[in-house]
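Undergrad: According to TrEMBL:
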- 26-367: domain 'Acyltransferase 3' (DOMAIN)
- 31-50: transmembrane segment (TRANSMEM)
- 70-90: transmembrane segment (TRANSMEM)
- 111-132: transmembrane segment (TRANSMEM)
- 138-166: transmembrane segment (TRANSMEM)
- 173-191: transmembrane segment (TRANSMEM)
- 203-219: transmembrane segment (TRANSMEM)
- 231-251: transmembrane segment (TRANSMEM)
- 271-291: transmembrane segment (TRANSMEM)
- 303-330: transmembrane segment (TRANSMEM)
- 350-370: transmembrane segment (TRANSMEM)
- 401-421: transmembrane segment (TRANSMEM)
- 427-448: transmembrane segment (TRANSMEM)
């Protein structure tokens, strides 16, 4: 655990050196959201071992828990905070004379390094299990379960890659842009649910999350000139409408996936889910002042910084931790097979959470350093004692082409994995085409980062001579 201890020392130092004008509430929201996601996923897992191991969601059995998902569905907060962070980063980048592609290369580095590590290890584990004679169906289920976080990463990455253009749209149109998108989301729901037009509603997989991203941009640049009390009123009105459209309208109550249910609010995201996120946003903005004052305290702020330091590692590996815990506790008979919603099942959630947390802590100690490597522009690396980038003598536009192709490759890979079925029996558990596209895309982005850096250094040298 020496890596984890070193990380925590860095966390204390970073917390103590935080600028006074930093909006700490944003960091707290990110830490809160990831904690809710991890605990929520772990709590919802149901493992059956009657006819071989299988996994289900507790929401299939616990109808009383479905209203609780209004608090547990925190994906809107991730995109709200993502928009805020992208706005701050892009503003600083452009003030230094940077361009869109340069920002994309820098911003994608922290996302792709831990994700690439996760995918390579997951594929290697699946391949090893198959070579050792494991049942292909069990391997497919385990790899599918561990890779569940990648659906969110596909959606989040798409907005990161679109962020420079969304930033420009915000600068030109302000809050009118997300307001128009809200109307489009509602119209698409009318077409999909009311008129039964196929496919068209899938656009909401992007549009719903885009709304929160744009609100985050507005929050970052101070576009909201509304008092906290007004945000509270907007939240109350939003809840009233939400109750109406879920109790008497076409939308289900649950704001997360309920396997087997005919109507869902997340696949694709609906206007009801969008409205829930807007309510959450209003509450967040109303509490911004008190939250920032609370986070001036050393203890709470250090806890927030700690979670943010390894947030992507924590997110990527939390379902893999649950897969390992399932194998260790259920297939061995350590945990009994009990009825969901029984007192015994509820009590067993506590040791279950503890085991998952211990396994996740091991993963964090092993891989958090990959997430926290510097993401700044660096000199081109050498391969085989020769600077490949210098020898290639590529034209100046080539790194921009690499950037575009790299983004396409990464997104195709992530989307293919996110849309995979739980019973797809590939040799590694992951579709080979998905791995190939992703790794080629990530490789092109890495090459473009180094080439971009080398080109800028050459230009700086020429201008200085």
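Using N, Cα and C of the backbone, Cβ positions are placed for all residues, glycine too.
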Undergrad: Under an 8 Å Cβ to Cβ limit, what residues of the same chain, 6 or more beyond the ends of the transmembrane segment (173-191), are close to it?
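TA: Distant Cβ neighbours of the transmembrane segment (173-191) are 197, 200-201, 203-204, 207-208, 210-211, 214-215, 218, 223, 269-271, 274.
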Undergrad: Do any residues of this chain, six or more beyond the ends of the transmembrane segment (303-330), have a C-beta under 8 angstroms from a C-beta of it, and if so which?
TA: 7-8, 10-11, 14-15, 18, 24, 27-28, 30-31, 34-35, 37-38, 41-42, 45, 47, 49, 53, 55, 110-111, 114-115, 118, 122, 142, 145-149, 152-153, 295, 337, 352, 355-357, 359-360, 363-364, 367-368, 370-372
Undergrad: Mean pLDDT for the domain 'Acyltransferase 3' (26-367), as a whole number?
TA: 94
Undergrad: Out of 31-50, 203-219, 350-370, 427-448, what stretch is closest in contact terms to the transmembrane segment (138-166), meaning most Cβ pairs under 8 angstroms?
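TA: That would be 203-219.
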Undergrad: Rank 31-50, 271-291, 350-370 by Cβ pairs under 8 Å to the transmembrane segment (70-90) and hand me the top one.
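TA: Highest pair count goes to 271-291.
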Undergrad: Near the transmembrane segment (271-291), which same-chain residues lie under 8 Å Cβ to Cβ, leaving out any that are not at least 6 residues past its ends?
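TA: Same-chain contacts beyond the ends: 23-25, 28-29, 70, 73-77, 79-80, 182, 185-186, 189, 208, 211-212, 215, 219, 224, 226, 228-229, 231-232, 234-235, 238-239, 241-242, 245-246, 249, 251, 255, 265.
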